[in-house]
Amino acid sequence: MSNNTLNENGVRRLVVTVVSLSIAVVATLLRFWCKIGLKQGIHGDDWFLLATTISYIGAASASLWGLFDGSQGKELTEIVADLARRPSLDTVRGMENFLMSLFIANTILYLTFYLAKLSILLLYRRIFATPEFRKTCLIMIAISTAYFIAAQVANFCICIPIDLFWHRTKTGGRCLNFNLFSFIIGLIEILLDIAILALPIRAVISLQMPKKTKAMVSAIFLLGGFAIITSVLRVAYQYQPNSVYVSFSQAEFWLNIHTATVILCACLPVYKPLRSLAGAVLTKLRDSYGSSLRRLRGSGSRSKLSDGGPEESGISHSGNIELPRYYPYTGNHPSKGSVKELINTSSMEADRK
């Protein structure tokens, strides 16, 4: 396990983690840029969102450490099989690093999702100022806080003593079924996300707002629905019935996508300056393209006139007077001339005949 080369699965996990982390960081930076540009001030929901992103960076860092210095992309079952075939200190240390990084990342992620819930609920309280709705938000904050505390207590009691979670060769102590524990925690997380997402729907429907605004709000809810779908997929893929192990590669894949989507969804409602800027840029591009196209069409019309278009239609120019061209039967065109020259040429042709 001393070789830090990642296998194909490890490379995929690395790419997904880095991309998801980048989306979360950019979304957070854009949120603060929009708030400063709109001069609305920084509120509690913004600070909680910033804390969410920082905690996600910590969880992702722990996960990447375990990926490079632990599993290299292998599943835990593969690491255990390698340890059974070729027992070595490096293999044991790699498994311990992987399991320790897993415990650290999960512990931080519970905090990440809790902070994201607080950020969204505090944003709801600022947007919808009715006393009943604000009270409902407080109730959801209390429920989310109780869930977070219970999840962390259970997490620290997953093994007794706690280091037995990563020191698997240590004798004594006991551990809960981590597979079942993750499934229950994930299921509660999904139910809370659905409740928070559905919370403002009634308020939005009752509001009088332009169709464009309603479409924007609907898009935000649709993205929130996608975050729930990713959470469902994460739980479905990681749960292995009749096993104490979790499919960590699939779980980590959807976990990163879910976290990035949650952070992006929490930031979308405050992106109004960004939407205005994008609209101005699109309008500028459309106007510029339209004027360029009109100039191109005008240039093409002038090119046809200067390249002999009038000659093909039987029109010639003599000074400022337009004259019809004379075409003798020989097929040769005479040069441009005055009216007198044209009459003389016609008379000569008549005398020959």
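Backbone N, Cα and C define each Cβ position, glycine as well.
Curation does not apply to TrEMBL; its annotations are automatic.
Going by TrEMBL, these are the annotated features:
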{"type": "COMPBIAS", "residues": "293-308", "note": "compositional bias 'Low complexity'"}
{"type": "COMPBIAS", "residues": "343-353", "note": "compositional bias 'Polar residues'"}
{"type": "DOMAIN", "residues": "30-274", "note": "domain 'Rhodopsin'"}
{"type": "REGION", "residues": "293-353", "note": "region 'Disordered'"}
{"type": "TRANSMEM", "residues": "14-34", "note": "transmembrane segment"}
{"type": "TRANSMEM", "residues": "46-68", "note": "transmembrane segment"}
{"type": "TRANSMEM", "residues": "98-124", "note": "transmembrane segment"}
{"type": "TRANSMEM", "residues": "136-166", "note": "transmembrane segment"}
{"type": "TRANSMEM", "residues": "178-201", "note": "transmembrane segment"}
{"type": "TRANSMEM", "residues": "213-233", "note": "transmembrane segment"}
{"type": "TRANSMEM", "residues": "253-271", "note": "transmembrane segment"}
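Touching of the transmembrane segment (98-124) and the transmembrane segment (178-201) is concluded from the presence of at least three CB pairs under 8 A, sequence neighbours closer than 6 excluded. Nonlocal intrachain contacts for the transmembrane segment (253-271), taken as residues 6+ away from its ends with a CB within less than 8 angstroms of a stretch CB, comprise 12-13, 16-17, 19-21, 23-24, 27-28, 30-31, 34-35, 38, 40, 45-46, 49, 52-53, 56, 60, 109, 112-113, 116, 119-120, 123, 127, 219-220, 223-224, 226-227, 230-231, 233-234, 237.
Non-local neighbours of the transmembrane segment (136-166) in the same chain are 95-97, 99-100, 102-103, 106-107, 110-111, 114, 117-118, 121-122, 124-125, 172-176, 178, 181, 185, 188, 192, 195-196, 199; each lies 6+ residues outside the stretch with a CB under 8 Å from one of its CB atoms. Remote same-chain partners of the transmembrane segment (46-68), defined as residues 6 or more beyond its termini with a Cβ less than 8 Å from a stretch Cβ, comprise 4, 6, 10, 13-14, 17, 20-21, 24-25, 27-28, 31-32, 35, 97-102, 104-106, 108-109, 111-112, 115-116, 118-119, 122, 252, 256, 259, 263, 266-267, 270. Proximity of distant same-chain residues to the transmembrane segment (14-34), defined by a Cβ-Cβ separation under 8 Å and at least 6 residues beyond the stretch ends, is recorded for 6, 42, 46, 49-50, 53, 56-57, 60, 63-64, 67, 252-253, 256-257, 259-260, 263-264, 267, 270-274. For the domain 'Rhodopsin' (30-274), the mean pLDDT of the prediction comes to 86.
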